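J.: According to TrEMBL, the protein has these features:
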- Lys66: active site, proton acceptor (ACT_SITE)
- Ser15, Arg16, Ser17, Thr62, Asn87, Asp102, Tyr218, Gln246: shikimate binding site (BINDING)
- Glu78, Gly127, Ala128, Gly129, Gly130, Ala131, Asn151, Arg152, Thr153, Ala154, Ala155, Arg156, Ile216, Gly239: NADP(+) binding site (BINDING)
- 7-89: domain 'Shikimate dehydrogenase substrate binding N-terminal' (DOMAIN)
- 121-190: domain 'Quinate/shikimate 5-dehydrogenase/glutamyl-tRNA reductase' (DOMAIN)
- 239-262: domain 'SDH C-terminal' (DOMAIN)
Amino acid sequence: MTCLAGVIGDPIAQSRSPRLHGHWLRRYEIDGHYVPLHVTRDMLSQTLETLPKLGFQGLNVTIPHKEAVFRLANDVTERAREVEAANTLTFRDGRILADNTDGIGFIANLRQQAPVWQVNAPALVLGAGGAARGIIAALLNEGVPRVTIVNRTAARAETLADLFDRRVRTMPWEMASPALADHGLLVNTTSLGMTGQPPLVLDLAALHADTTVSDIVYTPLMTPLLKDAQDRGATVVEGLGMLLHQAVPGFTEWFGVVPDVDDELRAAVLA
Ligand code: ATR
């Protein structure tokens, strides 16, 4: 039987997920389709009722539905509960299971691109939005001893710090540059530096060469932040890999194959 899955969002045209899953479907010669679906907020609950009846095995979920699908699901994984949002749904026996794979996607990408990364070093996270939430949860689960959040809106950083344990603290943006000296990992989870967005202004003079710098922005692939860090000898981790790795659990559930994240996939997604 043909397997069906897709991605829902509003807007949806920008999503790379159809290319990504489409590549895997062809590569593993699977009888299946993965489709982008433009779903507005008012259509969301009806869509979740209808798609399983049409034979869909599951969905990826993007802006603005990640929190709403978490609330509409029948069952949620621990890692979705931690961040109160979901990006992967599986339909089974009339129930909806919600998972959040952003955090493990981030970690898998980090481990693949920066084998030198040491989990026992403190991490500095720029941003306090949905992406930061998933990444901080995953870093703490991995065993990072301390996470410092730096955000334009201090109150949002405080809210996030309260959500986690005492291993998370906040810091004003002005203190981020000198604090780099005490951190083994710097992660940009904001949209700063993305094509069409304002630049990310951060002086990297205090960065050690053994620091790992990671960006979730992947347009451009090599962001100005990563370029600056690389020029200073740091290990850099581009953001496209997180997108690729977060897709693995869904594809495995729906299509029954554990897919590879490799250069061929990168090329297919960027084409
Ligand atoms: P996401 O779910 O992708 O994380 P989000 O929840 O809208 O998206 O969060 C975006 C993050 O980028 C926030 O940390 C935001 O800072 P604020 O909390 O102060 O809004 C940050 N961000 C976006 N544009 C920014 C800008 N021009 N300057 C500084 N920070 C910015």
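Note: Cβ is positioned from N, Cα and C throughout, glycine not excepted.
Those TrEMBL annotations? Automatic predictions, nothing curated.
Tell me what's around each of these sites.
T.: For Lys66 (active site, proton acceptor), the same-chain residues that are 6 or more apart in sequence and have a Cβ closer than 8 Å to its Cβ are Ala85, Ala86, Asn87, Asn100, Gly130.
According to its DSSP assignment, Thr62 (shikimate binding site) is coil. Taking a C-beta cut-off of under 8 Å and a sequence gap of six or more, Thr62 (shikimate binding site) has these contacts in its own chain: Val7, Ile8, Gly9, Ile12, Ser15, Ser17, Asn87.
Cβ neighbours within 10 Å of Glu78 (NADP(+) binding site), excluding its own Cβ and spanning all shown chains: 10.
Mean per-residue pLDDT, taken over the domain 'Shikimate dehydrogenase substrate binding N-terminal' (7-89), amounts to 97.
Residues 3, 5, 16-17, 20-21, 24-25, 27-28, 30, 32, 57-58, 60, 87-88, 90, 99, 101-102, 104-106, 108-109, 112-113, 214-218, 221, 223, 269-270 of the same chain sit 6 or more residues outside the domain 'SDH C-terminal' (239-262) yet have a Cβ under 8 Å from a Cβ within it.
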J.: Among Ser15, Arg16, Ser17, Thr62, Asn87, Asp102, Tyr218, Gln246, the annotated shikimate contacts, find the widest CA pair distance and round it to a whole Å.
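T.: If we measure all Cα pairs in Ser15, Arg16, Ser17, Thr62, Asn87, Asp102, Tyr218, Gln246, the largest is 18 Å.
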J.: Validating a neighbour-count step here. Other CB atoms within 10 A of the CB of Gly130 (NADP(+) binding site): how many?
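T.: Looking across every protein chain shown, the total is 19.
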J.: Hey, how far is Ala128 (NADP(+) binding site) from Gln246 (shikimate binding site), Cα to Cα, in Å?
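T.: A Cα-Cα distance of 20 Å.
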J.: Go through the binding-site residues Arg16, Ala128, Gln246 and pull out the ones with a Cβ less than 6 angstroms from some atom of ligand 1.
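T.: Passing the 6 Å Cβ check against ligand 1: Ala128.
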J.: Suppose we draw a 10 Å sphere around the Cβ of Ile216 (NADP(+) binding site). How many other Cβ atoms does it contain, all chains included?
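T.: Here the count is 28.
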J.: Taking only the residues the record lists as binding NADP(+), namely Glu78, Gly127, Ala128, Gly129, Gly130, Ala131, Asn151, Arg152, Thr153, Ala154, Ala155, Arg156, Ile216, Gly239, what is the largest Cα to Cα distance between any two of them, in Å to the nearest whole number?
T.: 29
